[in-house]
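Some features that Swiss-Prot has for this protein:
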type     : residues                     : note
BINDING  : ASN43, ASP85, PHE130, ARG376 : ATP binding site
COMPBIAS : 677-694                      : compositional bias 'Acidic residues'
REGION   : 220-253                      : region 'Disordered'
REGION   : 677-703                      : region 'Disordered'
MOTIF    : 699-703                      : motif 'TPR repeat-binding'
Amino acid sequence: MADVQMAEAETFAFQAEINQLLSLIINTFYSNKEIFLRELISNASDALDKIRFESLTDKSKLDAQPELFIRLVPDKTNKTLSIIDSGVGMAKADLVNNLGTIARSGTKEFMEALQAGADVSMIGQFGVGFYSAYLVAEKVIVTTKHNDDEQYIWESQAGGSFTVTRDVDGEQLGRGTKITLFLKEDQLEYLEERRIKDLVKKHSEFISYPIYLWTEKTTEKEISDDEDDEPKKEEEGDIEEVDEDKEKEGKKKKKIKEVSHEWQLINKQKPIWLRKPEEITKEEYASFYKSLTNDWEDHLAVKHFSVEGQLEFKAILFVPKRAPFDLFDTRKKMNNIKLYVRRVFIMDNCEELIPEYLGFVKGVVDSDDLPLNISREMLQQNKILKVIRKNLVKKCIEMFNEIAENKDDYNKFYEAFSKNLKLGIHEDSQNRAKLADLLRYYSTKSGDELTSLKDYVTRMKEGQKDIYYITGESKKAVENSPFLERLKKKGYEVLFMVDAIDEYAVGQLKEYDGKKLVSATKEGLKLEDDDEEEKKKREEKKKSFENLCKIIKDILGDKVEKVVVSDRIVDSPCCLVTGEYGWTANMERIMKAQALRDSSMSSYMSSKKTMEINPDNGIMEELRKRAEADKNDKSVKDLVLLLFETALLTSGFSLDDPNTFGARIHRMLKLGLSIDEEEAGDDADMPALEEEAGEESKMEEVD
């Protein structure tokens, strides 16, 4: 084929990342090299989708080749396998850019995944499926013709460069692409008819275009001896003699073998979504899912349904076992639901078809009611599409509930897609209550198991009116939080919301099953006293600590909004709570981590903290006595500042000035170890412990 290239060849270097990828594909041993055929057929199908879509608005686009097909041609003589499609083809610029000089966003991620031990069959998910050809081929030639350009030939042995030549004398395609693989000596199995058929059945049976295989057919023919000694050559192929004589009716008969070639259709299945669900096997769903998504694993769940009535459409939805590497990449358009209109593929990244939070659901929707020539702009206004979307969301939630019936499957699903459900709680007010049923959390009573809100409600203690939760960085960070002390003592269960997105979700999910969701870290936590006597005692305690609260507020100034006696802590000396409508400590941490945050919003939403003190704690009792004896006692001030900074940490906030806090702790240690401050040589560098007073204060030991 290369001999007919009369035009001058241009040589291009592969982009560095693509070169690395090719090197990795060629020099590493992979057991499942067979996936190359799936990838190349999938690319051919995409090219056919594009030209079919273009032809909806301009019929002349199909003039050069009206038939849409994929053809496979094994050539045992030349050891080549060709994949031919009558798709959109590539112009010269596309050829240079798409096959070598511009790396896709997934190139680097795929290499990293491969080096981390991922399966090579993932290649299609990263948009670099073409290069899988080099798993079996030592050289690849791509001949392509686009309607708006001449025919070109791309050729490479993957040695760091490729050539592109204008095809002057080669066989003209009309329109489309022909990929010729020059197979390695140890990969000649892919020229066998049986092997190719098996691979198409396994990976590409549900491609919606006919796949034809150029097959060899041998037939035996009986001729009598008195027919021409020299058998005529049939148009179809060669004839070879079989040395076998047979007497029949007194005449000598001969058998000859006749070899002919023909195109054989090898994907005869009609679109799977048009068949009845009860007729389809589990294996067929798995095969369709893999051909649809390029996933190498089976799906986790499937929902196959049709909607009839005023509006009719059929759909198959799948939930994968894993989240893709770029699930929340905003630059990537989600293209997981393919939209067909009367069996004609229209588009695969229709944002109006499914909400963003369900972007991980893959599948096919085929409608009879949408117009064939629908444009993106029309889709946004289309009422039919809004009804389809509503139905898809409903069916997705049904499918998730079906997964939830199997605990192990649901754990897999929740680990991969819990963020999506929580994003749904935040965005989809209509389905918020249904999505809330799907949430799972660890809690003070669930141990290592996740619990649902429904199960939490069934375990609520008598007299408990609200659902309690705490947000934080991790389960470990919240399970021993001072905020939980009284709740635990009263036997109330508290949910641990330790995912950053929980803060956003719970902000929208105000209640569940008629019960309010109440944060353990915010103001307004009302816990009823067990009896009147206890209530009376608490009131007396509060009264006796009123003066200390005032002194602490004077010392801390505008660091806190107010200081009150706590109802929520039992053992800790104090804690810091936030306003009912402001950010929690955890939300403040999340917002500080946002590089592009609006700082004016931060100052508005990070509400003033309220310091709550525990009247039953020994430290607080001693502090009260000292403050009452001498409210100007400098050790009281130092202790209050130290308690405040410690409470910041235990309540989940960060310190504005960790150095001062460190110095305060060191001072405390010296007192405990009876080290005289005058003797410590490095003390000169220590910051003053009180910001307001310039003079140094010496701490007294607290019993």
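Each residue, glycine too, has its Cβ placed from N, Cα and C.
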Within the predicted model, mean pLDDT of the motif 'TPR repeat-binding' (699-703): 40
In the chain carrying ASN43 (ATP binding site), residues 6 or more apart in sequence that have Cβ under 8 angstroms from it: GLY129, PHE130
Number of other Cβ atoms within 10 Å of the Cβ of ASP85 (ATP binding site) across all protein chains: 29
DSSP three-state assignment for ASP85 (ATP binding site): strand
Cβ neighbour count within 10 Å of PHE130 (ATP binding site): 20
